[in-house]
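A.B. asks: These came from Swiss-Prot, pasted as-is:
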- 197-244: domain 'TM2' (DOMAIN)
- ASN101: N-linked glycosylation site (CARBOHYD)
- ASN136: N-linked glycosylation site (CARBOHYD)
- ASN154: N-linked glycosylation site (CARBOHYD)
- ASN171: N-linked glycosylation site (CARBOHYD)
- ASN183: N-linked glycosylation site (CARBOHYD)
- ASN193: N-linked glycosylation site (CARBOHYD)
- 1-44: signal peptide (SIGNAL)
- 45-193: topological domain 'Extracellular' (TOPO_DOM)
- 215-229: topological domain 'Cytoplasmic' (TOPO_DOM)
- 251-261: topological domain 'Extracellular' (TOPO_DOM)
- 194-214: transmembrane segment (TRANSMEM)
- 230-250: transmembrane segment (TRANSMEM)
Amino acid sequence: MEAAAEPLRSVRHLSRVLLFLSQCYILSGDGSLNLEHSQPLAQAIKDPGPTRTFSVVPRAAENQLFSHLTESTEIPPYMTKCPSNGLCSRLPADCIECATNVSCTYGKPVTFDCTVKPSVTCVDQDLKPQRNFVINMTCRFCWQLPETDYECSNSTTCMTVACPRQRYFANCTVRDHIHCLGNRTFPKLLYCNWTGGYKWSTALALSITLGGFGADRFYLGQWREGLGKLFSFGGLGIWTLIDVLLIGVGYVGPADGSLYI
């Protein structure tokens with residue numbers, strides 16, 4: 001019985017040895033495979049391939065680009081005065097550019113070639129889009145226009161009731177629909193002419209009825225003279241009569257130097 005079991009043990013021992021050798025072979029083979037697969041990975045790490053470059057835009061160029069985009073989207077200030085799809089010949093002067101000639105004869109009718117400014121749209125008599133057209137006007141500079149064709153600033157610091165009559169320098173601007181030569185804004189020396197809201201009829205009525213109490217002088221803002229008339233009972237009537245005449249002819253006016261309404 002033991003003799004029969006001895007060959008069986010030898011076979012088992014041999015099978016274990018073969019199994020051990022096969023495992024070693026497999027492990028050695030896997031190691032070679034891992035080595036072979038690891039080589040491309042190591043090569044890929046050493047050679048990452050083509051690199052992607054990124055360009056950095058300078059701050060100045062970025063600001064310039066942003067300002068250009070902002071300017072392209074901004075609405076020009078003159079567009080607030082320019083009607084859309086109106087007649088080109090009736091556009092305000094701020095909406096067009098004309099090739100004027102200052103050598104024309106003063107007071108004579110002249111024609112000039114004009115072009116609408118960018119972003120302005122207008123049409124001709126046939127309602128067709130137009131950019132170039134001709135305008136008719138009178139040959140004269142803007143400061144030679146009638147007073148009804150321009151607006152001037154007022155001064156509230158000069159005295160209107162003065163002898164000689166005072167003047168002041170005003171800044172005048174031509175109205176939008178008026179065409180002329182030269183600058184549309186110009187200085188001009190004007191007579192002092194402004195009002196503070198005082199009525200001549202009210203001052204005269206107070207002088208006749210309540211002049212003895214100085215009501216007319218108080219109304220005109222002359223409180224010192226008003227107190228003098230109040231405590232002297234109108235100068236015993238003489239001062240009252242004199243004030244009626246002075247206010248009636250316009251010699252006595254408001255204390256702030258303005259004109260009557």
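Residue 1 is the first one shown; counting continues down the chain.
Every residue, even glycine, has its Cβ placed from backbone N, Cα and C.
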A.B. asks: In the three-state scheme derived from DSSP, which category covers ASN136 (N-linked glycosylation site)?
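C.D. replies: Its secondary structure by DSSP: strand.
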A.B. asks: Using a Cβ cut-off under 8 Å and a sequence separation of 6 or more, which residues in the same chain sit near ASN154 (N-linked glycosylation site)?
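C.D. replies: Listed in sequence order: ALA170, ASN193, TRP194.
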A.B. asks: For the topological domain 'Cytoplasmic' (215-229), DSSP counts of helix, strand and coil?
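C.D. replies: The breakdown for the topological domain 'Cytoplasmic' (215-229) reads 12 helix, 0 strand, 3 coil.
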A.B. asks: Using Cβ atoms only, which residues of the same chain lie under 8 Å from ASN183 (N-linked glycosylation site) while being at least 6 residues apart in sequence?
C.D. replies: CYS142
A.B. asks: On the three-state reduction of DSSP, what should I expect for ASN171 (N-linked glycosylation site)?
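C.D. replies: Note: ASN171 (N-linked glycosylation site) is in a strand by DSSP.
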A.B. asks: Please report the Cα separation of ASN171 (N-linked glycosylation site) and ASN101 (N-linked glycosylation site) in Å, rounded to an integer.
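C.D. replies: Cα-Cα distance, ASN171 (N-linked glycosylation site) to ASN101 (N-linked glycosylation site): 25 Å.
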A.B. asks: Going along the chain, which residues six or more apart from ASN101 (N-linked glycosylation site) have their CB under 8 A from its CB?
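C.D. replies: Those within reach of ASN101 (N-linked glycosylation site), by Cβ under 8 Å and sequence separation of 6 or more, are VAL110, PHE112.
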